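Working notes for the structure below.
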Amino acid sequence: MSDLQSLRAAIGSFRDDGLSIALVPTMGALHAGHMALIEEAKRRADRVVASIFVNPRQFAPNEDLDAYPRKEKADAAMLEEAGCALLWLPDVAAMYPAGFATNVSVSGVTDGLDGAARPGHFDGVATVVSKLFNQVRPDVALFGEKDYQQLAVIRRMAIDLDMGLEVLGVPTQREEDGLALSSRNAYLSPEEREAARALPRALGDAARAIAGGGDVAEALAKAVASLEKAGFGPIDYISLNDAETLAPMKTLARPARLLAAARMGRTRLIDNLPIEPSQ
Ligand SMILES: Nc1ncnc2c1ncn2[C@@H]1O[C@H](COP(=O)(O)OP(=O)(O)OP(=O)(O)O)[C@@H](O)[C@H]1O
Ligand SMILES: CC(C)(CO)[C@@H](O)C(=O)[O-]
Ligand code: BAL
């Protein structure tokens, strides 16, 4: 459904029946990564609401808003098949009517990584996710760890603004060769798709080296070299960061996340892995 009045009525009737609600926000072109969020949502709440909205405010003018894949019919069928109770499909004019003038901006966790590489991106994400939370008023909302910084931003926002819901992360779903599932993988040519496996491989090698006590800078430099050799470029970042605050780390002193963003042809791919310090 696409109008807020109908959404509120449907949510109201779930609430009248005493049912809990999970929200899975997406931009559509659904794949098994999204479906893992739906499955986890079903375990966490009585009713699952999915949203599909390609949010113009989180794309910079030079990014792929127009090219972004749109597959509403197939998406709706997949969601119904998976047992999703409601699909929320707002349109741009309803989300951002004339006169819209509010921006939600989270600082700190947005300082580096995609926050630096995509200026304004996380303001767009925080603003639209605030709206989705206010529209659906879920008990729990689920996000993928593939977009690890996004998950950290939304967690921070929900706490800081007393949003009164649980924000849950779901592990990254991968292809057989390790590539993280992503709607943007559809942009890759067969040759680029083959070469793209170097990204999870480079992250895995670096994560193992760092977890085993290896020098962080050396492991990161090696990862950059292997990505360049595979045809990635430019590499926006490959970086070791605190798993919670996302502050950059030079040594493995606390639970960490190894995060990367790099371009394969016209496709920008991101990925990340956890690294735990050994006791
Ligand atoms: N491989 C994956 N595993 C787990 N969650 C995922 C995966 N891919 C996407 N998600 C999650 O699905 C939600 C919706 O993401 P989105 O619709 O942008 O899909 P996407 O595949 O990440 O697309 P994009 O190509 O834009 O990165 C986000 O919370 C995202 O982290
Ligand atoms: C969370 C989200 C739906 C907000 O537009 C988007 O950034 C996404 O799909 O990850
Ligand atoms: N999956 C994150 C949304 C974006 O890249 O715009």
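Every residue number used here counts from 1 along the chain in the order it is shown.
Keep in mind that glycine also has a Cβ here, set from the backbone N, Cα and C atoms.
Listed features, source TrEMBL:
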- His34: active site, proton donor (ACT_SITE)
- 27-34, 144-147, 181-184: ATP binding site (BINDING)
- Gln58, Gln150: (R)-pantoate binding site (BINDING)
- Gln58: beta-alanine binding site (BINDING)
*From Met27, Ala29, His31, Gly144, Leu181, which binding-site residues have a C-beta atom under 6 Å away from some atom of ligand 2?*
Met27
*Please check each of the binding-site residues Ala29, His31, Gln58, Gly144 and report the ones with a CB atom less than 6 Å from an atom of ligand 3, ordered along the sequence.*
Gln58
*Can you see whether DSSP assigns Ala29 (ATP binding site) to helix, strand or coil?*
coil
*Filter the candidate list Ala29, Gln58, Ser183 of binding-site residues, keeping only entries whose CB is under 6 Å from an atom of ligand 1.*
Ser183
*If you draw a 10 Å sphere around the Cβ of His31 (ATP binding site), how many other Cβ atoms fall inside it, taking every protein chain shown into account?*
17
*asked:* Restricting to the binding-site residues Gln58, Lys146, Gln150, which ones have a CA within 10 Å of the CA of His34 (active site, proton donor)?
replied: none
*Local Cβ density at the residue listed as 'active site, proton donor' - other Cβ atoms counted within 10 Å*: 26
*Take the C-alpha atoms of Ser183 (ATP binding site) and Gln150 ((R)-pantoate binding site) and report the distance between them in angstrom, rounded.*
16
*Can you tell which of the binding-site residues Met27, Ala29, Gly144 lies nearest to Gln150 ((R)-pantoate binding site) in space, using Cα positions?*
Gly144
*Work out how many Å separate Gly33 (ATP binding site) and Gln58 ((R)-pantoate binding site) at their Cα atoms, rounded off.*
21
*Can you tell me how far the Cα of Ala29 (ATP binding site) sits from the Cα of Gln58 ((R)-pantoate binding site), in Å?*
17
*asked:* Nearest of the binding-site residues to Gln58 ((R)-pantoate binding site) by CA-CA distance, picking from His31, Gly144, Leu181?
replied: Gly144
*Under 8 Å Cβ to Cβ from Lys146 (ATP binding site), same chain, six or more residues apart: give me those in sequence order, or none if nothing qualifies.*
Gly33, Thr172, Gln173, Ala180, Leu181, Ser182, Ile270, Asp271, Asn272
*Cβ-Cβ distance under 8 Å to Gly144 (ATP binding site), same chain, at least six residues away*: Gly33, His34, Ala36, Leu37, Leu151, Gly169, Val170, Thr172, Gln173
